[in-house]
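K.L.:
One structure, as structure tokens, below. Some questions next.
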Amino acid sequence: MTEQVFRLIPATQNYPWGKKGSSSLAAQLADGAGIPDFKIDESQPYAEMWMGTHPNAPTRVHSTGQLLSEHLAVHPELVGQSVIKRFGLENGQIPFLFKVMSFDKALPVQIHLDRHTAERVHSENPRAYVADSNHNPEMVLALSDFGALCGFLPTFQVSEFLSFVPEFASLFTPDIIAHFTSVVRSPDESERKSALKDLFSCYAQVDKEEAVAQLKRLVERYQAGKESDKEKIVKSLVLQLHDMYPDDSGVFCAFILNYFDFKPGHAFSVATGEPHAYITGDIIECMATSDNTIPLAFSSHLDVPTFLTNVAYNPTPGKSLIQPTMFTRGSTHTSGSLLYNPPIDELAVMQVIVAKGGVESHHKLRGPSIAVVVEGEGAVVWAEGAKRLGVRKGQVVFIAAGTEVKYSAFETAFKLYRAFVEVA
Ligand SMILES: [Zn+2]
């Protein structure tokens, strides 16, 4: 017999792009999570707090210190047979990996693989960034202002940059530029994609020293205020990325990929092969249980061949956001629960806000959940009111499949995010 709701101990990942010390939301939450011996070091970056069963930074059960995966292996009813069967889960794994991320330096420009390719690449050559054989679709939910590069710019925009940014144009041979420019407005989409592929492949394999020399020239020109009118929109991004990675030709991605300024509450999913780099912000990220990323830039471990083989050339002027809906299933009391349901089978995320003195109810979900409190304090109540667990900022709880829960706030409001999976 085990409880259906119990506290977890998450794990942190101190990647160098994390915000430093207590300015990092991931560190603040980890500080409240009850991680043994955890103390914020103000000189250290705290990039991510992980909640899930991935072996690279596994979560433990708070009361026993046992790995969550070991506990779930013994108690598969907490995950639920339908989920175990649907995803072929073994060894107490759950299908999703839930993260809070906090960074003020860009993460590597990367793509994710589909499952078939991940399996192949992992078995042929298990490397740090293909650490498992799973695919890695992810959704992101902004908790603060959040800057990110995501997807290819429309080809006509790239060709404009080629025409008025000489340092960028110098990375390509004249025939590549001539061909690209001649087809950017072609009605034939496959022709445009193929020209983008030629151009991008050339960029990804450019002589790094030459590219960094051109980058220096570009940055000096921008710093001297000698940008043309058309460059004004991209100048601050170039300078920002250059500040972060002064010797990295990845800065030129500013002329190839879409930049977005997301606001709190904005959420989106990332498609297989879609290039992206998160730059600054605090976010919730939820992905299939995988740590596979194929980096192209802003990293010391690049895999340009695998990146180029698997990147998807789908230029688009915008990014479609996930529209949250009110989660009302069994929610008899209030309407403080917003559901973000991405087109990813393994996961969905709810934002739950309980007003001071209020109660929010969630009917049974047909799969496991992990919830993290990001503000305030309150209680999670289950077993028809017979059981209750006080929770506050940073604390993480597991909620078993088939468990109806209520969240109660007392003196203060509280806010949590609940990641879960259900099989229809
Ligand atoms: Zn990613």
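Keep in mind that glycine also has a Cβ here, set from the backbone N, Cα and C atoms.
Per TrEMBL, the feature domain 'Phosphomannose isomerase type I catalytic' maps to 5-153. The Zn(2+) binding site feature in TrEMBL is assigned to Gln110, His112, Glu138, His276. As annotated by TrEMBL, domain 'Phosphomannose isomerase type I helical insertion' applies to 174-257.
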K.L.:
Enumerate the residues of the same chain, Gln110, His112, Glu138, His276 excluded, that satisfy the criterion Cβ within 8 A of the mean position of the Cβ atoms of the recorded Zn(2+) site; list them in sequence order.
P.N.:
Ile111, Asn136, Val270, Glu274, Thr293
K.L.:
Under a criterion of Cβ-Cβ distance under 8 Å and sequence separation of at least 6, what residues of the same chain contact His276 (Zn(2+) binding site)?
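P.N.:
When sequence neighbours closer than 6 are ignored, His276 (Zn(2+) binding site) has Val109, Gln110, Ile111, Ala148, Leu149, Cys150, Gly151, Leu257, Val270 within Cβ distance under 8 Å.
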K.L.:
Over all shown protein chains, what is the count of other CB atoms within 10 A of the CB belonging to Glu138 (Zn(2+) binding site)?
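P.N.:
The answer is 23 other Cβ atoms.
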K.L.:
Once near-sequence residues are set aside, which residues in the chain of His112 (Zn(2+) binding site), 6 or more away, have Cβ atoms under 8 Å from its Cβ?
P.N.:
His135, Asn136, Pro137, Glu138, Val270, Thr272, Gly273, Glu274, Ser290, Asn292, Thr293, Ile294
K.L.:
Looking only at the domain 'Phosphomannose isomerase type I catalytic' (5-153), how are its residues distributed among DSSP helix, strand and coil?
P.N.:
38 helix, 45 strand, 66 coil
